[in-house]
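Report on the following structure.
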Amino acid sequence: MEERPETELISIPATPRGVSTPEALTPSGQRSPRPTSAAGAKSSASAAWTPASLISPRFLSPIGTPMKRVLVNMKGYLEEVGHLTKLNPQDAWLPITESRNGNAHYAAFHNLNAGVGFQALLLPVAFAFLGWSWGIISLTVAYCWQLYTLWILVRLHEAVPGKRYNRYVELAQAAFGEKLGLWLAVFPTVYLSAGTATALILIGGETMKLFFQIVCGPLCSSNPLTTVEWYLVFTSLCIVLSQLPNLNSIAGLSLVGAVTAITYSTMVWILSVSQPRPPTISYQPLSLPSFSASVFSIMNALGIVAFAFRGHNLVLEIQATMPSTFKHPAHVPMWKGAKVAYFFIAMCLFPVAIGGFWAYGNLMPSAGILNALYGFHSHDIARGLLAMTFLLVVFNCLSSFQIYSMPVFDSFEASYTARTNRPCSIWVRSGFRVFYGFVNFFIGVALPFLSSLAGLLGGLTLPVTFAYPCFMWVLIKKPTKYSFNWYFHWILGWLGIAFSLTFSIGGIWSMVNSGLTLKFFKPN
C-alpha cells in the first residue's frame, strides 16, 4: 500500500472565523487564534473547531495500528490542553496571574469574602432614611441587577477568541477602546479598592477599640489607646498579612473572611432582634429640616445600598486564577463558585438590613448596627458573646483588606515590571504594600466619616457593578441592533450611569453636612 506523504497528513481545514480556540496552561492565559479561510468558514460554520480536529478519522484510517494509537493518545492530549499559545512572561510576575491553580471552591471563598463585609452593617442606616417599603425594594432590585452583571462579566472573560481578559481594565479597553476604556475603568476600580481599604481601616480600628473596652472592662489603664492609634494597629496587621504573594495564596484568608462574615452577620441581627427594642423607636423615615436635605439623604442611602454590592472589580481577577482549556473553560467553575457565594451573601445582607431596622428603627447610628448593638445592649448581652462578635468583625476586615488591595498591588507591580523588564524583588514588593497600607491609613485619619464615605463610594463606583458590564456586553457580543437584547442592555447601562451621578451627589452632600466626624456611640 502506498504511503501518503507526511505533508498531506498534516493538511487540515482552516478554523472558521469567530470560533474560539482553547489555550494551554501558561502564565499568560492568552490564546493564539488560527488563520481563517472563507471556504472553510462556509463549509463548517455550524461546527465548532476543536483541537481533536487535527486528528480526524479521515487521516487515521490508512495508518497502521501503532501509529494510530500514538495519534489517538495525542488527540486526547490536545482535547485536554489545547494548542500552543502566545506567552506573556510579565503575567507570570504579577500577583493576579502568577498562580493559576484556582477552582470553584477558591472562587466561592473569594467572592464571599469580597461580597460580605462591613458594608452589610451599614444597610440599616440606609433603611432609616428609606423606610420599610423602599428599603426592601431597593435592596432586592440591586441584588438581582448585580447578580445579572456578575454573570455578564463571567461570560465575557473569554469572549474574544485568542484572549483571556484577566483584569477589569483589560475588558474595558477591549469594549470601549484603549484610551477611553482606561479612563473609564481605572479611576472607579482603583478608587473602589483604595476606598474600601480605607473604610476597612476605619471600621476595623474602631471595632478593635470596642473589643478592647469589652474585654478589659473596668481594669483598663488610665491612658488607653486613642481611636487613631487603633487605626494604626489595624493597619500594621493588614500590612503584615499583605506580604502573601498572589491572589491564590490568600485563598485561606478568604475562607476565614467568608466564615467570619457569615458568623458575625448572623450573630449581629439575632442578638439585636432578641433584645427589647428601645421605647422611643420609630419606623418612619428620618425627616430633615428641608426638602432638599431629605432628597440628598435618600440619595446617600441608596448609595449605601449600592455599595453593599461592591466586588465586581474583582470578578475577572478571581477568574484569571483558574486554568482554562477547551474542554474545561474557566467560566464553569467560576459561575459555580459565584452562585454559592451569592446565595450566602443574600442570607447575610437581607437579615442584617431587615432585622437591624426592626430592632432599632430610625434610632440607628450613622456607624451602623454594630455600634447600635454596643450602645443599646452592652449591659444586656454577655460580655464574652459581644466580644466574640467584635473579634469576628476584625478578622473579616483583615481578610477583606487583602483581596480588595490585590488589584492595586498588581497595578504597582505591572508598572514596575514594564519599566524594568524583570519581576519585583521581595523588598520592592514589600515596599509597595507598606506604602499602600499607610496611604490608606492617612486617608482614613483625614476623612473619618464612614457612612458618608460609603454613600460616595457606592455612587462613584456604581458603574463598575451596574453599568459598564451592560455596555461591554453590547459592544463585544454585538446583539442585533434595535432588538430587545440591544435595548435592554443599553437602558440598563444608562440607568446605572444616572444612578451613579445621583448617588455621588448625595454622598458628597452627606460628607459636607456630617461635620467631618463620625458619630460613634460612646461606652457608658
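Each Cβ is built from the backbone N, Cα and C atoms, and glycine gets one as well.
TrEMBL annotations: computationally assigned, not manually curated.
As written in TrEMBL, here are the features:
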DOMAIN    101-512  domain 'Amino acid transporter transmembrane'
REGION    1-44  region 'Disordered'
TRANSMEM  121-148  transmembrane segment
TRANSMEM  180-203  transmembrane segment
TRANSMEM  250-271  transmembrane segment
TRANSMEM  291-309  transmembrane segment
TRANSMEM  340-361  transmembrane segment
TRANSMEM  381-405  transmembrane segment
TRANSMEM  426-447  transmembrane segment
TRANSMEM  453-475  transmembrane segment
TRANSMEM  487-512  transmembrane segment
Tell me if the transmembrane segment (487-512) touches the transmembrane segment (180-203). I count contact as 3 or more CB pairs below 8 A, with pairs 6 or more residues apart.
no
Cβ pairs under 8 Å with the transmembrane segment (453-475): which stretch of 121-148, 250-271, 381-405, 426-447, 487-512 has the most?
487-512
Surrounding residues of the transmembrane segment (426-447) on its own chain - C-beta under 8 Å, 6+ positions past either end
194, 197-199, 201-202, 205, 228, 231-232, 235-236, 238-239, 242-243, 245, 405, 408-409, 412-413, 416, 453, 511, 516
Same-chain residues at least 6 beyond the ends of the transmembrane segment (121-148) with a Cβ under 8 Å from one of its Cβ atoms are 203, 268, 283-286, 297-298, 300-302, 304-309, 312, 342, 346, 349-350, 352-354, 356-357, 360-362, 364-366, 368-370, 372, 393, 450-451, 454, 465-466, 492
Report, as numbers and ranges, every residue of the chain located at least six residues beyond the transmembrane segment (291-309) whose Cβ falls under 8 Å of a Cβ in that stretch; write 'none' if there are none.
115, 119-120, 122-123, 125-130, 135, 138-139, 142-143, 146, 349, 451-452, 454-459, 461-462, 465-466, 499, 502-507, 509-510, 513
